[in-house]
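Summarising the annotation, TrEMBL assigns compositional bias 'Basic and acidic residues' to 678-687. The domain 'PLAC' annotation in TrEMBL covers 679-716. The region 'Disordered' annotation in TrEMBL covers 528-547, 665-687. Under the heading signal peptide, TrEMBL lists 1-24.
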Amino acid sequence: MEKWAGRLWLCLVMLLSLPELCLDQEPCPPEQPDPRALQCAAFDSQEFMGQLYQWEPFTEVQGSQLCELNCRPRGFRFYVRHTEKVQDGTLCQPGALDLCVAGRCLSPGCDGILGSGRRPDGCGVCGGDDSTCRLVSGNLTDRGGPLGYQKILLIPAGASRLQIAQLRPSSNYLALRGPGGRSIINGNWAVDPPGSYTAGGTVFRYNRPPREEGTGESLSAEGPTTQPVDVYMIFQEENPGVFYQYVISSPPPNLENPTPEPQTPQLQPEILRVEPPPASAARPARTPGTLQRQVRIPQMPAPPPPRTPLGSPVGYWKRVGHSECSASCGKGVWRPIFLCISRESGEELDERSCAVGTRPPASQEPCHGPPCPPYWEAGEWTSCSRSCGPGTQHRQLRCRQEFGGGGSSVPPERCGHLPRPNITQPCQLRLCGHWEVRSPWSQCSVRCGRGQRSRQVRCVGNNGDEVSEQECASGPPRPPSREACDMGPCTTAWFHSDWSSKCSAECGTGIQRRSVVCLGSGEARGVGPEESGVGTGEQTCAPGSRPPDMRACSLGPCEMTWCWYTGPWAECSSECGSGTRRRDIICVSKLGAEFNVTSPSNCSHLPRPPALQPCQGQDCQDRWFSTPWSPCSRSCQGGVQTREVQCLTANQTLSIRCPLHLRPSRKRSCNSQPCSQRPDDQCKDSSPHCPLVVQARLCVYPYYTATCCRSCAHVLERSPPEPA
């Protein structure tokens with residue numbers, strides 16, 4: 001039978017009146033066979049399909065098949081259901097807690113009854129509803145006492161969801177002890193690796209993240225604990241603060257007489273004196289799944305020499321010792337020594353007298369000598385406290401000693417006889433920057449009165465490049481970049497610019513101009529009068545003293561000149577192919593700034609610009625050509641006009657490559673107005689030739705319709721409407 005709930009012996013009590021199953025808390029007999037395997041083996045003597053097989057359980061099934069007896073022939077890939085139900089009490093699946101009863105798979109509750117469905121609540125109470133759960137939490141902030149182990153917290157039995165963590169990284173270590181001072185984690189001055197450790201009825205997870213992550217080490221467990229557990233701190237520096245919390249039933253469940261929880265946890269120093277174990281003693285093994293530390297492998301006694309069968313070698317390999325330990329102190333390795341020994345006399349023989357293939361391998365085995373002398377171990381230097389200029393670096397210092405199980409931290413007193421390395425040192429990554437004045441003071445911002453002047457100031461590094469002003473903060477104060485300036489009292493006066501260099505007329509009398517403005521002598525440079533505080537209105541200056549802003553100028557008398565004037569070129573005469581374009585050419589007389597159009601003969605002594613030039617349009621393509629529309633076939637009631645349409649090339653020859661969708665229509669409607677039924681008094685013939693007009697069928701033209709109104713009206717009354 002497989003283990004269940006920590007190797008409990010299964011007891012089934014089936015009562016007709018009370019169909020419940022109980023679990024008897026008696027240990028199972030050792031090496032009990034698998035009931036399902038026994039049930040399958042019962043069919044080994046029965047033929048199946050005319051052949052005998054050796055049957056073994058087949059458990060790769062789900063659902064209702066879990067409690068069927070499915071067996072597979074050993075060495076074959078098919079399986080057979082021998083019975084619909086396994087025997088009551090058979091496990092539903094290997095390694096599970098569920099049991100088969102009457103062909104159904106039932107789960108045991110926390111009360112030990114199958115099918116009860118009871119489960120522990122958040123604080124470990126079987127069948128509870130969390131109503132008795134109480135959260136216990138707090139922070140341990142005492143600075144701590146002497147170096148070494150100090151008890152900081154008692155976790156009572158029945159505690160669940162435990163969380164214990166240092167508030168920040170430190171050189172201290174958390175440790176756990178069970179009842180009687182039995183070490184669980186980080187005991188006997190040895191630091192265990194992070195991992196899972198079983199104790200107190202639960203599994204504790206020990207986590208120690210890298211220091212760079214900024215998180216302290218921690219302990220956690222789901223619980224509930226079945227025994228009280230003591231939490232210790234191995235102090236090597238001040239307490240960084242420890243946070244703890246757990247959930248417990250109030251009142252706590254009575255599990256192995258739990259120790260009442262202290263109201264206010266206090267640091268309890270404890271002096272531990274741990275002597276190194278003797279060389280022949282082996283440390284007790286830890287619980288399964290945890291790391292073995294400082295484990296010594298005892299030397300196994302040599303088995304008695306067996307009888308020598310006929311044809312076997314006369315000697316056998318015997319372990320007679322081992323090589324020297326590779327380390328004179330602390331942890332090392334050695335190799336076992338094997339000799340060929342006579343089976344008869346027990347004396348040493350030549351190695352050829354023993355079978356070479358049966359010689360045991362000389363694998364390395366751990367060994368250790370006495371503890372090595374303690375020594376100081378220095379950590380890595382921290383970053384410099386300042387990015388430039390003189391700063392300080394720090395590092396951690398620990399006293400370590402090598403034991404048989406490896407190195408571990410020990411109290412600093414053990415290294416007191418050794419020179420203590422420095423834990424601080426000066427550092428300087430680079431020189432800090434300094435202030436540099438880049439330019440002299442500028443002119444004052446005003447010509448009179450009080451203003452400001454400025455200059456450029458920057459922070460430069462030791463290579464002359466500009467750097468952040470923070471790097472100059474530790475040096476002398478920053479030189480001022482702005483300061484006040486006083487240019488004396490302000491007055492107002494007329495200011496004028498120079499006369500313009502050109503006269504407004506090329507000949508004859510013209511005008512020169514300049515700018516005149518009333519300004520205060522303290523008018524701000526680059527700012528307006530509102531900002532300078534000095535009025536600049538012309539009323540502030542004496543009006544009679546205003547300098548003139550215009551004066552006459554002359555470049556000599558004007559003379560009459562003539563010139564040809566050309567207009568813009570017109571568009572090309574042809575949309576495609578070769579064509580011509582024209583422009584207007586006129587003769588213009590000029591006297592000073594006056595222009596007049598004159599006779600072309602006045603410009604005959606000048607070369608005349610061309611008025612016509614060839615031009616080239618786009619490439620000609622085949623196009624549609626059409627004749628004018630014919631006269632309308634009727635003067636009223638709808639007539640028809642027609643025309644001829646042809647596709648021609650650029651050379652005016654017939655073509656069939658014109659786009660059909662652009663083809664002009666050949667026929668259109670006309671004169672859709674209705675005809676008069678009878679000629680009225682105003683409809684008269686005004687020409688004696690109206691009978692000839694009717695005979696010549698000229699009434700379709702509007703001119704003849706109006707001239708011979710009455711004659712054409714009679715013709716239209718007799719004519720049937722023509723089709724469109």
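Heads up, the Cβ atoms here are built off N, Cα and C, so glycines get one too.
TrEMBL annotations: computationally assigned, not manually curated.
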Cβ contacts under 8 Å made by the domain 'PLAC' (679-716) with residues that lie 6+ beyond its boundaries: 631-637, 639
Overall pLDDT for the domain 'PLAC' (679-716), taken as the rounded mean: 81
Composition by DSSP (helix, strand, coil) of residues within the domain 'PLAC' (679-716): 20 helix, 2 strand, 16 coil
